[in-house]
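Peer 1: Input: one structure, supplied below.
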Amino acid sequence: MRVRRLVMLRHGQTEYNAGSRMQGQLDTDLTDLGREQAVAAAEVLAKRQPLAIWSSDLRRAFDTAVALSERSGVAVRTDERLRETHLGEWQGLTHLEVDARAPGARLVWRNDSRWAPPGGESRVDVAARSKPAVADLIGELPEWGLDQAGADAGRPVVLVAHGGLIAALTAALLDLPVDNWPILGGMGNASWVQLSGHSAVDAPPEEIRWRLDVWNASAQVANDVL
């Protein structure tokens, strides 16, 4: 039996987050608070001795990943497939501006994972481009999930990414019906999800059964949930 632990960490705060502005794939920086949040999360997750750290190439995620890299000694690998949902014509607009242009559209977007903003991606689209990255991790890390005894038990792989992507990828890995994807609510900045993938030792990725261990954990509550 093999159990792979997968931690997906959302980036720290940006000015767009603080101002309720839609970022999507715009490349924005962490605020001072966001950098502090990244360090706090890194100090907790570094104790888990990650096997690998993969990150979105957008700066807010990469800089969050670097904080963990510096404390764990594990290099960061970037992957464009881990970028946030492309929000099309909504990118750069505040929530109020979107609501003024398209009344009710944000509610439809929240409640229908197949729906995409004009020129953008749906959550189903995001899951389709990001799920193969997990399969690649499985192929590249044959030792992942075999350390079930001793001090190294359960060493995770950490993906550093974005709230929308993490929710979509989590739903896809759990094989939830698409109509139920919106039950996974929003995540706080520098909060994380943990899944465990259970399988026979040599099972292919499609035979792994993923379970949700933790949703929206943070440095402040880590001792209670991990």
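Any Cβ shown, glycine's included, is placed from N, Cα and C.
A TrEMBL annotation is a machine prediction, not a hand-curated record.
Keep in mind the model is a prediction, meaning the values are calculated, not measured.
For reference, TrEMBL lists these features for the protein:
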type	residues	note
ACT_SITE	H11	active site, tele-phosphohistidine intermediate
ACT_SITE	E84	active site, proton donor/acceptor
BINDING	R10, H11, G12, Q13, T14, E15, Y16, N17, R60	substrate binding site
Peer 1: Looking at the binding-site residues listed here (R10, G12, Y16), whose Cα lies nearest to that of E84 (active site, proton donor/acceptor)?
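Peer 2: For E84 (active site, proton donor/acceptor), the closest Cα among R10, G12, Y16 is found at R10.
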Peer 1: For Y16 (substrate binding site), which residues in the same chain are close in space, meaning a Cβ under 8 Å from its Cβ, but six or more apart along the sequence?
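Peer 2: For Y16 (substrate binding site), the qualifying residues are M22, Q23, L26, T28.
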Peer 1: Relative to the Cβ of R60 (substrate binding site), which residues of the same chain, six or more apart in sequence, are found under 8 Å away?
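Peer 2: In sequence order, H11, G12, T14, Q23, D27, T28, D29, L30, G34, H162 meet the Cβ cut-off.
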Peer 1: Compute all pairwise C-alpha distances among R10, H11, G12, Q13, T14, E15, Y16, N17, R60, the residues listed as binding substrate, and give the largest one in whole angstrom.
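Peer 2: Output for substrate binders R10, H11, G12, Q13, T14, E15, Y16, N17, R60: max Cα distance 15 Å.
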Peer 1: For H11 (active site, tele-phosphohistidine intermediate), just count the other CB atoms lying within 10 A of its CB, please.
Peer 2: 30
Peer 1: Across all protein chains in the structure, which of the recorded positions R10, E84 has the highest Cβ count within 10 Å?
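Peer 2: Ranked by Cβ atoms within 10 Å, first place goes to R10.
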Peer 1: For each of the binding-site residues (G12, T14), count the other CB atoms lying within 10 A of its CB, then report the residue with the highest count.
Peer 2: G12
